[in-house]
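According to TrEMBL, the feature domain 'ABC transmembrane type-1' maps to A:22-205. What TrEMBL records for A:26-46, A:53-76, A:82-100, A:140-163, A:183-204 is transmembrane segment.
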Amino acid sequence: MSFLQDLSQYMVENSSLLFDLTIEHILMVVYGIALALAIGMPLGIIAARFERLAPFIISLTNILQLIPSLAMLAILMLYFGLGFQTMVVGLFLYSLMPIVRNTYVGIREVDDSIMEAGKGSGMTPLQLLAKVQLPLSIPFLLAGLRVASVIAIAVACIGPYIGAEGLGKEIISGISLQSEVKIYAGAIPATLLAIIADLALGLLEKKAKKRMALV
Amino acid sequence: MIQLNGIHKVYDDGFQALKDITLTFEEGKINVLIGPSGCGKTTTMKLLNRLTNYTEGQILIDDKDIKQVNPIELRRQMGYVIQNIGLFPHMTIYDNVATVPKLLKWDKQKIKQKVDDLLRMVNLDPEVYRNRYPAELSGGQQQRIGVIRALAAEPSTILMDEPFSALDPISREQLQDELVRLQKEINKTIVFVTHDMDEAIKIADQIIIMKSGQVVQKGSPQEILANPANDFVKEFIGEERLGSALPSVEKLMTKQLFTVYQSDSVEKAIEHMVMYQMKEIPVTDHDGKYMGMLDLFTAMNQSDKSIHALLDHNRKTVALNAGSEQLIADNLFETYDTLGVVSEDNTLVGVIKREQLLHTLQHFYELKRGGQ
């Protein structure tokens with residue numbers, strides 16, 4: 001029991017520090033994913049529109065995903081220096097694959113008859129994209145977003161190695177100080193963040209699918 | 001009016017999908033394209049809104065070459081109902097129906113009015129259905145929405161690609177009935193693709209039968225049922241349906257003729273009629289050409305005149321190649337008991353009597369009832 005008391009006492013005493021770290025953690029993830037959305041969605045649309053480019057675009061993002069996170073961040077550090085911005089770039093590259101692939105799949109999955117109805121109604125390719133293909137790919141995009149955010153929250157934990165803050169700071173200093181309490185104080189909020197992101201985006205995805213009768 | 005002149009379509013791999021299609025889709029009529037799968041019926045329809053293109057020939061809509069029109073504009077002027085309904089699942093019924101008016105940037109109030117009117121036209125209460133999503137509707141209701149979506153921007157032409165084939169038989173029947181009823185109100189030029197002969201007979205004003213990229217026969221359902229052009233058409237229509245058409249004029253008429261020549265005396269004609277208990281007798285010249293009908297009582301009253309003077313020249317004749325439906329439509333038997341049947345060169349080939357027609361009709365309807 002004493003460990004739990006120690007932990008809760010530590011967390012209460014350092015609550016403002018932990019809160020700041022959590023906020024920074026969230027910000028890194030949000031910026032990284034926002035960037036990935038801004039660039040990944042157009043890439044997914046291009047892949048769906050120009051089928052010949054698709055293998056190229058998809059495998060490129062796949063390769064990015066395969067680079068071990070510590071290695072990728074170290075390399076990025078060489079160019080972007082230490083700190084927050086390097087982490088954001090890293091998270092952006094990691095989130096690209098699920099977002100590009102799901103945008104691509106979402107657009108390709110739109111039923112042929114729905115596409116024909118849109119085309120036959122006299123929609124231009126752009127209108128077809130904006131009014132039919134993108135709205136119908138939202139459930140897929142949400143699934144991609146969910147995977148991306150869980151991965152990003154995890155990867156962001158190694159931020160301190162490249163000079164970024166975030167909840168990883170508590171965990172890593174816990175490792176060097178061999179402090180169980182500090183490790184848990186960082187690990188618990190980080191895990192909670194991942195669980196909340198997973199549940200919330202899962203719920204949104206389910207809702208979107210239900211409305212479009214895709215389930 | 002839509003005219004296709006000498007349309008050919010050859011795919012890149014050399015497959016010739018359409019061969020010299022020349023057709024007219026009549027204004028305000030339901031034109032049904034029918035044939036086995038792969039015959040080119042859907043391709044022919046999709047030429048009209050340029051979802052497919054042709055390699056040779058010309059298509060005119062109201063005398064305007066469709067290649068001169070922007071395909072996007074063309075499609076907005078044409079309603080399109082597709083086989084798998086194809087409602088947008090992420091849009092409400094309202095937004096689905098309003099698709100084309102919105103593309104055309106109609107005034108909001110006008111769109112709302114139109115959508116509500118259309119929903120009422122297919123017996124769906126706007127208050128109930130306007131804000132629902134397609135998935136909340138039954139298949140039959142969904143395709144009603146599919147049909148009114150095509151009507152929303154008030155196009156003069158509507159293309160329908162096997163619109164009812166995915167529905168259960170009861171909904172299909174209902175929608176066919178509704179389409180026929182709607183068409184009376186809206187009077188659109190409808191091009192309707194199907195592979196279902198019963199459907200074609202039920203709804204069509206004009207049926208166009210296709211096979212391997214060519215038109216085999218076109219005509220009204222009655223014409224096609226009465227005179228199938230060849231064995232393919234006969235087989236495609238099916239024996240039991242052929243039986244459902246009224247017997248042809250040739251089958252209705254009596255071929256064994258008692259006639260008199262125009263040059264014969266009136267006494268001879270009277271003698272003939274009395275002997276065979278005929279009230280009327282057809283009169284021909286020596287070459288067998290029909291001259292007119294002589295009435296027994298007219299002849300007895302004025303036996304001093306020549307046959308020629310006594311003939312009823314105004315009496316219409318029945319053309320041998322006419323459909324028997326025409327006979328009934330023209331209602332000739334209201335005034336006459338007997339009509340002469342003539343071939344194309346006006347040679348008398350038979351007569352049809354009123355009692356005989358009634359007898360045949362009775363027999364026909366008994367058979368029909370028994371058959372069901």
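Just so you know, glycine gets a Cβ as well, placed from its N, Cα and C.
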Comparing A:26-46, A:53-76, A:183-204 for Cβ pairs under 8 Å with the transmembrane segment (A:82-100), the winner is A:26-46
Same-chain residues at least 6 beyond the ends of the transmembrane segment (A:183-204) with a Cβ under 8 Å from one of its Cβ atoms are 7, 10-11, 14, 18, 21-22, 25-26, 29, 142, 145-146, 149-150, 153-154, 157, 167-172, 174-175
Spatial neighbours of the transmembrane segment (A:53-76) not adjacent in sequence (6+ beyond its ends, CB under 8 Å) are 40, 43-44, 46-47, 86-87, 89-90, 93-94, 96-97, 100-101, 104, 155, 158, 161-162
Long-range Cβ contacts under 8 Å made by the transmembrane segment (A:140-163), restricted to residues 6 or more beyond its ends, are 25, 28-29, 32-33, 36-37, 41, 69-70, 73-74, 76-77, 81-83, 86-87, 90-91, 94-95, 98-99, 101-103, 105-106, 109, 169, 171-173, 186, 190, 193-194, 197-198, 201-202, 204-205, 208
